[in-house]
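Undergrad: The feature domain 'ENTH' is assigned by TrEMBL to 19-157.
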Amino acid sequence: MARKALGALKDSTMVGMAKVNSEYKKLDVAILKATNHVELLPKEKHVRTLFNAVSSNRPRADVCYCLHTLSKRLTKTRTWQVALKALIVIHRAMREVDVSFLQELVNYTAHRDHLLNLTHFKDDTSTNAWDYSTWIRSYSLYLEEYLECFCIMRYDFQRERKRIKELNTPTLIGTIPALQQLLSRLLDCQPVGAAQYNFLIQHALSIVAAESASLYVAIADGMLNLVDKFFEMQRHDAVRALEIYRRAGDQAVKLSEFFEICRNLDFGRGQKYVKIEKPPESFITAMEEYLMDAPKPLMITWRPVRCKEFN
């Protein structure tokens, strides 16, 4: 109880200071109230104030100020409620604000320490808080990987869902592993211990689970494109494609297990999830046989030109 009272006192003090001292008082108050110490979801009116501040029609200075303020909130806090609510707000903005917000996030983190890097975050005030901290670290790594994936692909797979079907071989071989690495981070977001039963964590996990369907479809569409091109690939591309195909099979099994865990949690009961189909194992044999005779790039012997040959 004493800790809750201290958290409430901190919140009210900081809000009072923001109202008096801040040039961006409305935005500062919204950020503080959306990420306060209360174990409830951020109020929608505060979230919308943040979204308006980072939309594409706002001055870039406003967007940078908002990101800087959220970054300070994340780096200074040792309280799991504040850290988790800040991540939820950022995650929702990544989904609900236009793609310019993703670009601003990338630009911001490129010139500063990573905004979403909570590798060392720890709230050790209780056993439950320890479990919550573990999940928060995994959640932040997933969001950080989402930005990395966006950088590699140069588009957001959730907004341009058909684009992966049209990629050429070199781009495809770079894109699918980025999506698979993102899926790996997503699978690490399975809650354990007390984190399984926390309302705020379940809410954040429900957003992650919703994205997993889009991510799975993107990978599946990419795999179909890859398979269509496989038997025309040079050997070095075919080797990488086979590795990608094998990893897709392993991840399909793990994603099915992830969905099963979600179904057993409060938010997942009664929800419909994408049916996961593992890539056919039989196709691996055909791919391996092709590799034995796959064409290799033409190697041109190079020798230095001597000066006398110009005479």
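Placed from the backbone N, Cα and C atoms, the Cβ positions cover glycine too.
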Undergrad: What are the DSSP helix, strand and coil residue counts for the domain 'ENTH' (19-157)?
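TA: Helix/strand/coil tally for the domain 'ENTH' (19-157): 95 helix, 0 strand, 44 coil.
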Undergrad: Averaged over the domain 'ENTH' (19-157), what pLDDT does the predicted model reach?
TA: 93
